[in-house]
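Chemist: Here it is: the structure, laid out below.
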Amino acid sequence: MINNIAVKGWRGLLEKIQNNRIFKASSWVLIGYVVSQVLRLGSNLIMTRLLVPEMFGIMALCQTFLYILAMISDVGIGPNIIRSKRGEESEFLNTAWTLQILRGAFICLLVVLAALGIGYAQTNQMIGETSAFSEPQLPIILAVMSLTAFISGFKSTNLILANRNIQLTRLTILELISQLFGLVVMIAWAFIAKSIWALVAGALVSAVSLVLLSHFAFPGVANKFKLERAAVSEIINYGKWILLTSIVTAMLNQGDRLILGSLVDATTLGIYSIALFLSTSLLQAFMKLNGMVFFPLLSEVARERENELAEVYYKIRRTTDAAAISMAGFLFAFGETLINFLYDDRYQAAGPMLQILALALMLTSPSISSAIYFAIGKPKYVTIMVTIESIVKLTLLPTLYVIGGMNLAVWAVALFTISIIPIDFYYKHKLGILNLFKEFRMLPCFALGYLLGWLISFLF
């Protein structure tokens, strides 16, 4: 009996320590993310008054290419360090760093080749005049932006180690500092020249500053070039499913901009990017928590006490669902008013788009489920779900555009995740962690959020 009391006491103490640790980590991630988004929004509001909408359309295409090519070369170096038992050994970390640099160089080369291909297509009039891809500045800007991928490959693995150990205070601060450097350069350049090159300069400065800070302002291993056979094998073997998932995720997350870029002009694409920026700012907050807090936490639980996985998962879901679903309702009511308040007349068409795109916030649960699947070594589940999502989204988007134009196409971007909810339920049931009541218990929060948004819109 005394032993049972002692065990319960220790478990209670460990749970309290863990809860405090996770609360602190989550708080720093959220604080950092809120500050980051405030900086982004502030700079976005300034830049939309200095630059014309088509410039944002061109940059959206550049960022799409960089993101897709980064994802199709993703072998899961970060997740490997986070979950591997060798994740703190210098040989393993240096091998991971070397692979990261090689990957960055590979992405840079692919982006330059893509820029040359677009330039060739433009010269030979292979692109329609109404397409965003016909913008003459696109090839050279894309080629210069490729340097951000090469530069980012040199980031210290100590950033990932901090994530592994859920020590996020310094990491959050350094990311904010690098972002601030980039924004200052971007805004100053735009004030002087009112050129799209201001956006390019800001991205390059931000990438360089984060690399430098990661090496000189972060404690830990001093990275050097190394390729250990066993470490390479472990990273590649685990990363093959992550690679497949990343390839499909790339098209899932950015395919809409590629498709729309071929269907609409740069101005319309720029306006869509503004609406997408505001809606995904909130969605990315949950994704950031998922990657930096929930995945390391669930990996730790899976390693040490797997029987508690369902309990920890639904504790996370209770909070995230309440916040995300409430915000979906709020923006569905208030989105158009928000755009009218923040932006000038050139961007007003983003209002109805934002209202529809906000509905995606109701569908964050499969993303949090993916953290479980990665944590227990089942990345195959995520690959299957993301593949189905991509097929649905990339089929629906052009179909709905042909039927009803841009306003109808946006619905495909907002609601495609519904297609994998049954599959996610099946996998969770298979693992013995599905609880249908807890899956749907926070849906009434949508009505509360909508009521608040409607009330504020009415007062405006």
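Yeah, the Cβs are placed from backbone N, Cα and C, and that goes for glycine too.
Pasting the feature list from TrEMBL:
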- 21-43: transmembrane segment (TRANSMEM)
- 55-77: transmembrane segment (TRANSMEM)
- 97-120: transmembrane segment (TRANSMEM)
- 140-161: transmembrane segment (TRANSMEM)
- 173-192: transmembrane segment (TRANSMEM)
- 198-218: transmembrane segment (TRANSMEM)
- 230-252: transmembrane segment (TRANSMEM)
- 258-278: transmembrane segment (TRANSMEM)
- 322-343: transmembrane segment (TRANSMEM)
- 355-374: transmembrane segment (TRANSMEM)
- 439-459: transmembrane segment (TRANSMEM)
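Each of the listed features needs to be described in terms of its position in the shown structure.
Modeler: With a cut-off of 8 Å between Cβ atoms, the residues of this chain six or more beyond the transmembrane segment (140-161) that come close are 58-59, 61-63, 65-66, 69-70, 77-78, 81-82, 87-88, 93-94, 96-97, 100-105, 107-109, 111-112, 114-116, 118-119, 171, 174, 196-197, 200, 203-204, 207-208, 210-211, 214-215, 218-221, 223.
Long-range contacts of the transmembrane segment (173-192) within its own chain (CB-CB distance under 8 A, at least 6 residues past either end) are made by residues 32, 35-36, 39-40, 43, 46-47, 50-51, 159, 198-199, 201-207, 209-210, 213-214, 217-218.
With a threshold of 8 Å between CB atoms, the same-chain residues lying at least 6 positions outside the transmembrane segment (230-252) that come near it are 67-77, 79-80, 83-84, 86, 91-92, 95-96, 99, 374, 379-380, 382-383, 386-387, 389-390, 393-394.
Outside the transmembrane segment (258-278), and at least 6 residues removed from its termini, the chain residues within Cβ reach (under 8 Å) are 40-41, 44, 48, 52-61, 64, 68, 128, 130-133, 135, 335, 338-339, 343, 346-347, 349-351, 353-354, 357, 394, 397-398, 401, 406, 409-410, 413.
Tertiary proximity for the transmembrane segment (355-374) is limited to same-chain residues at least six positions away from its ends with a CB under 8 Å from its CB atoms, namely 79, 83, 242, 275-276, 279-280, 282-283, 286-287, 290-291, 294-295, 298-299, 302, 309, 313, 316-317, 320-321, 324-325, 327-328, 330-333, 335-336, 381-382, 385, 407, 410-411, 413-415, 417-418, 420-421, 424, 427-428, 431, 433, 439, 443, 446.
Using a Cβ-Cβ cut-off under 8 Å and counting only residues 6 or more beyond its ends in the same chain, the transmembrane segment (439-459) has close neighbours at 317-318, 321-322, 325-337, 362, 365, 425.
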Chemist: Residues sitting near the transmembrane segment (97-120): Cβ under 8 Å, six or more positions beyond its termini, same chain?
Modeler: 65-66, 69-70, 73-75, 77, 126-127, 133, 138-140, 142-143, 145-147, 149-157, 223-227, 232, 235
Chemist: Which bits of the chain, at least 6 residues beyond where the transmembrane segment (198-218) starts or stops, bring a Cβ under 8 A of a Cβ in it?
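Modeler: 47, 50-51, 55, 59, 141, 144-145, 147-148, 151-152, 154-156, 158-159, 162, 170-171, 174-175, 177-179, 181-183, 185-187, 189-190.
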